[in-house]
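Record features, source TrEMBL:
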DOMAIN    124-304  domain 'Malic enzyme N-terminal'
ACT_SITE  Tyr147  active site, proton donor
BINDING   Arg200, Asn468, Asn513  (S)-malate binding site
ACT_SITE  Lys218  active site, proton acceptor
BINDING   Glu289, Asp290, Asp313  divalent metal cation binding site
DOMAIN    314-582  domain 'Malic enzyme NAD-binding'
Amino acid sequence: MSKFSNQIRASSSLIKRLKQRMTNPAALMQATRHFTTLEGHRPTIVHKRSLDILHDPWFNKGTAFSMTERDRLDLRGLLPPNVMTSEQQIQRFMADLKRLEVQARDGPSDPYALAKWRILNRLHDRNETMYYQVLIDNIEEYAPIVYTPTVGLVCQNYSGLFRRPRGMYFSGEDRGEMMSMVYNWPAEQVDMIVVTDGSRILGLGDLGVQGIGIAIGKLDLYVAAAGINPQRVLPVMIDVGTNNEKLLKDPLYLGLQEHRLDGDEYIAVIDEFMEAVFTRWPHVIVQFEDFQSKWAFKLLQRYRNTYRMFNDDVQGTAGVAIAGLLGAVRAQGRPMIDFPKQKIVVAGAGSAGIGVLNAARKTMARMLGNNEAAFESAGRQFWVVDAKGLITEERENIDLEALPFARKVNEASRQGLREGASLAEVVRVVKPDVLLGLSAVGGLFSKEVLEALKGSTSTRPAIFAMSNPTKNAECTPEDAFSIVGDNILFASGSPFQDVDLGNGHIGHCNQGNNMYLFPGIGLGTLLSGSRIISDGMLQAAAECLAAYMAEEEVLNGIIYPSTSRIRDITKEVAAAVVKEAIKEDLAEGYREMDARELQKLSQEEIVEYVKNNMWSPDYPTLVYKKD
């Protein structure tokens, strides 16, 4: 069918839908959810009563409904008579959770982490407000459950775990229908979308439609960390098939059982999706998540100057890494302006690796004067190693994204290196200040590689084993500290326990997780009303995170904060993003705060503005209004 025919079919379908809504206002009221318009606590108008309220996780309070609400909403007799506070509800849930963790396992092979996810997911299904209160109050314990590393296991098993739909699914078979489909989502306003095509979930490869789990997990953190209203978030899966042969043969697989679309056909599907969501929700922010490297950069460049979007794997990972790299400079007792002097060996040249390289080079160049000579000088501070070894200009069929970081052949020869040199060989010769892993290859930093790092010229070499999930980390903190020495800095993408070095000394394991940045980037963009997400806004977020830690903490080897402080971190990062958007004249304002009012705010007032617009999981008073 031609593209023109598809457009006609989509248009007629949409017109039919709108006519039905216009001629049947009662149906429209039933199909539309009504939300509070402020993050404050004004009463919420609802158009349902009785069991319909109890079965709606957005409005259900369970035993916390007041007697007045029970009378007005026809709930009297449908709940036990004792009205409980939210604190009592959470206390009861946590007691049950601890008891049920073991019972929820599907046999001895089912990990406790997955059992916790099942229990939390059931709470999410019946009472969304309470779910987010539990998550916020216990973020250190449950962030690794709803996000990495457990979310990887969830995605691998999602077809079996699926109980009720959450989010939207667009597929290659929906071409020509997406403009109509977006109106099936009940929320009249959506602030944040996380979208994936399931092609590269964490370091687990192509998981097809099961990748929806990562979009759900990311949005849980947008709510918990950034205070994005959960009624205005939307996880999305774009199912264009899968090249995972196991899933293609699995009779229980929930997605399209055909090979992935490619080329222009693939681009057409993503184009149609972007046009559809921005037509219905012009101010929405779209975060691209876990797209394979082949498409991550192309889609980012295609849309970033037209839509409010960013790619967390490319830009979020880069920002967190930059914050850590700047923190490593501070931990050496040096000012951050010395960053351009750091020698950095990078293992991995995928979307995350190249994203970090581009951001690090830009940061160095800016510190050196931000001219062509500065960029050239900054580029010489990196040695990039992929599966084929050291990348030089001699490499055949070199990826265009990696080309700017390929070492010159004569320069490599002078150092005693060659095209394809092993990671251990490169580390031995370069003696780097930083060894940065974004390879998704667990154990890549072998004993030989770590032994080579002992020759580093740095007073405090840094090891960043950033690949997720845990099994893909390039090394463990125990191996790093025991082989290289107690004076190193260690950071990883997934959480590890600190290492007891003896004599009262602790080897700190810093988690360089993207959750420190992406919620603040999204919230700051939303509250600034910025038309796009600029490099300057991303840089401001990274520098804010780098400066967040106190000097004493950094000198003790702590370069990333505890996740228990995530809402405060996100508030500061969002404020930095808003400030930069104002500086770049990109801010157009948000709700009552227009661009002119934003420009008048001081730093303290921007932080307060952000804080006041963060949603908190408190039960609103529900007021019934007849349709």
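Cβ atoms here come from the backbone N, Cα and C positions, even for glycine.
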Span of the (S)-malate site, taken as the largest CA to CA distance across Arg200, Asn468, Asn513 (Å, rounded to a whole number): 18
Rounded to the nearest Å - Cα separation of Asp290 (divalent metal cation binding site) and Asn468 ((S)-malate binding site): 12
Shortest C-alpha distance to Tyr147 (active site, proton donor) - which of the recorded positions Arg200, Lys218, Glu289, Asp313, Asn513: Lys218
Inter-residue Cα distance where the pair is Arg200 ((S)-malate binding site) and Glu289 (divalent metal cation binding site), in Å: 9
Among Arg200, Lys218, the most crowded of the recorded positions [Cβ within 10 Å]: Lys218
Rounded to the nearest Å - Cα separation of Asn468 ((S)-malate binding site) and Asp313 (divalent metal cation binding site): 11
Nonlocal residues around Asp313 (divalent metal cation binding site), in sequence order (Cβ under 8 Å, 6 or more apart): Arg200, Phe288, Glu289, Asp290, Phe291, Ala296, Ser351, Ala352, Gly355
Under 8 Å by Cβ from Asn513 ((S)-malate binding site), counting only residues of that chain that are 6 or more apart: Tyr147, Thr148, Val320, Gly493, Ser494, Pro495, Tyr560, Thr563
Number of Cβ atoms other than its own within 10 Å, given for Glu289 (divalent metal cation binding site): 27
Overall pLDDT for the domain 'Malic enzyme NAD-binding' (314-582), taken as the rounded mean: 95
